[in-house]
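Annotation comment: TrEMBL describes 40-73, 74-107, 108-141, 142-175, 176-209, 290-323, 324-357 as repeat 'TPR'.
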Amino acid sequence: MKNSGERDLVEKALLSQSQGELNEAISYYQQALQICPQWPEVYYNLGIIFEQQQNLSQAIHCYQQAILQKPNYAEAYYNLGVVYQNKSLIESAIKSYQKTIELAPQLIRAYNNLGCLWIEIEEYSQAIELFKQALNLNSEQAEIYNNLGEAYLKNGNIDAAISNYLQAVKFKPSFVKAYENLGRIFYQHNLFSVALQYLQEGLKIQPDSISLHSQCATVLIAQNNLAEAISYLQKIVALEQSWITAYCQWAERFNSEDIMDQATAASGRFLKILLQQSIPQASLVQKYLAQTYLYLGRVLVEYGNYPSAERYYKQAIEIERQLTEAYIYWGNCLAKQWHFNRAALQYHKALSQQPNNTELYQKVSEVLEKQQQVDQKKLILTFAKDRYQLKLPKSVKFPEKNKPKCQGLDCQSCLKQLRQQFKPQLIAPGIEQYFSPANLLENYLNSTVTLIPEGRAWVAPKTSWWNVCNAIAIFNSDNELIPELSQFYPTPLPGCKNYDWSQHQVFSLDELPPLKVIQGRVAVLSGLSGNVYFHWMVDILPRIKILQENGIDLNTIDGFLINSNQQRFQRETLEKIGIPADKIIESDQVSYLQASSLIVPSYPASVGWVVPNTIKFLRSLFLTDVLDKKQSYPSGSATTTG
């Protein structure tokens, strides 16, 4: 039994809580608990307040106390699950929601939250089953239908996804997200008119949605209706005017012949026209947007990403069908892939616009002749890997076929797993604290040096400021790639289990560069993006320390293979370490090398990861003067002299 004094304190707390006087409410609740510690409802209310104040650790403590005193307290379990979810403690949140459903099977919001967590960790079948259970309890829950649609979509059942999204807007006609989901699906299946209908319904409800305006413009461009798309594009620009104005001013600086610079300049001109208050000339919008796609396609060809390049060329032509360059570059891209008949078709389309272009006739003749040689088996597609018998070691494990390809730093599944390892703690809205896991980079704890007799190194050279070294391949004398000493983009995040070494760029080269043979000992230091200051400092220089730690005397090395020595920071740091300039071999100039003894230090960590040993090495190398001065300062109060 609670006496009147305790109840008065709780009533005062409830009043303060309802009026937003949260600190005062906390004080009253705590006073009540001092008198009567066994009061689960008070702990529950305290948990709600601490949760509102983003003091999640205290909120967890209060909900746990409420549950301890009242084991069947379903609402406390539910709120505890919400807090765990906000702190990204997924496993704990799942257990709390499961207990909530066990104690209160009618609490639909617990099903919804748990289902969303199942989607987050890619357990789509469990999410689908749970959402269905929720709909059995209440068949008019729009949010449940939308989330069930999302689970079906990710599980590959498109029809079921559409059906559930439609149910969502049926029960909640103002459900913008469901309209957007429907628009996205129908667009992906080329049902442009239907997609536009749903996206426009969403805009009626949320007219300032940049995402919806953008998708409407994309659909209209796909329908070759640029004139109507312009109005949506202008609305986007108006909603982000300050940022886009700044971007346009920045883009005006790019006037070189570099194709990335040209893409930037074209996109700036495109956006600048949209900034006009009046309706811009469709022909100019068309011109600059098509140019942007054309240059981006050329950039992707430089990267070797031919399928994406083709998509950009196709978009450029859809916007401006008279853009002869796009047909030519598309043909060139197809020819690089040995699609000679398709290349000839693009060249013919270009010829229809430039019938007097003799170079185009020559291109058509060349690709058709090559196609004839292929048909007669006189020309056989072979890559450098086949001619030089380059191979992977048998010990390499290939990724599971049903798993998505590794996306490197953008791999969502790896990012989720990695984030959980850092145990994120929400300390304020939008602010999280992370704790470094002890075993994250355990594979890099023991630094080693590998000596490879007659070993070879291929290092992709830098070709422009934006296309820097993107792959390194180390081979033994049997032409086997050594994965632990090789790298390529997209580089995996720590813990990635789906990295496909067969996708290394060296295996798709048409031809290897000339091999430079060196009679002597060569240390390989080149690294991915080695021309970039950050990667130079954290990925490349520490490998010199690894050489020394493993008993390699730098004076006994005849050459150091390193990306470049052209930039000032590269020259100064190598000089500081004591590597003479005449021993430097730039892999940007000599990209394929064989040495009597190839000396390859291990990497300090995953690409771009700064570990304590790296920090310690850089400090000892470059901050010695600063540290000595700090140590010489006298302790005590500061004094002045007059």
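From the backbone N, Cα and C atoms, a Cβ is placed for every residue, glycine too.
No curator has checked TrEMBL annotations; they are predicted automatically.
With DSSP classes pooled into helix, strand and coil, the tally for the repeat 'TPR' (40-73) is 27 helix, 0 strand, 7 coil. Sequence-distant neighbours of the repeat 'TPR' (40-73) (same chain, 6+ residues past either end, Cβ-Cβ under 8 Å): 10, 13-14, 17, 22, 25-26, 29-30, 32-33, 79-80, 82-84, 86-87, 103, 425-429. Per DSSP, the secondary structure of the repeat 'TPR' (290-323) breaks down as 28 helix, 0 strand, 6 coil.
The repeat 'TPR' (290-323) scores a mean pLDDT of 93 in the predicted structure. For the repeat 'TPR' (74-107), same-chain residues at least 6 beyond its ends with a Cβ under 8 Å from one of its own Cβ atoms are 40, 43-44, 47-48, 51, 56, 59-60, 63-64, 66-67, 113-114, 117-118, 120-121, 137, 419-420, 423-426, 432. Within its own chain, the repeat 'TPR' (108-141) has Cβ neighbours under 8 Å at 78, 81-82, 85, 90, 93-94, 97-98, 100-101, 147-148, 150-152, 154-155, 171, 413, 416, counting only residues six or more beyond its boundaries.
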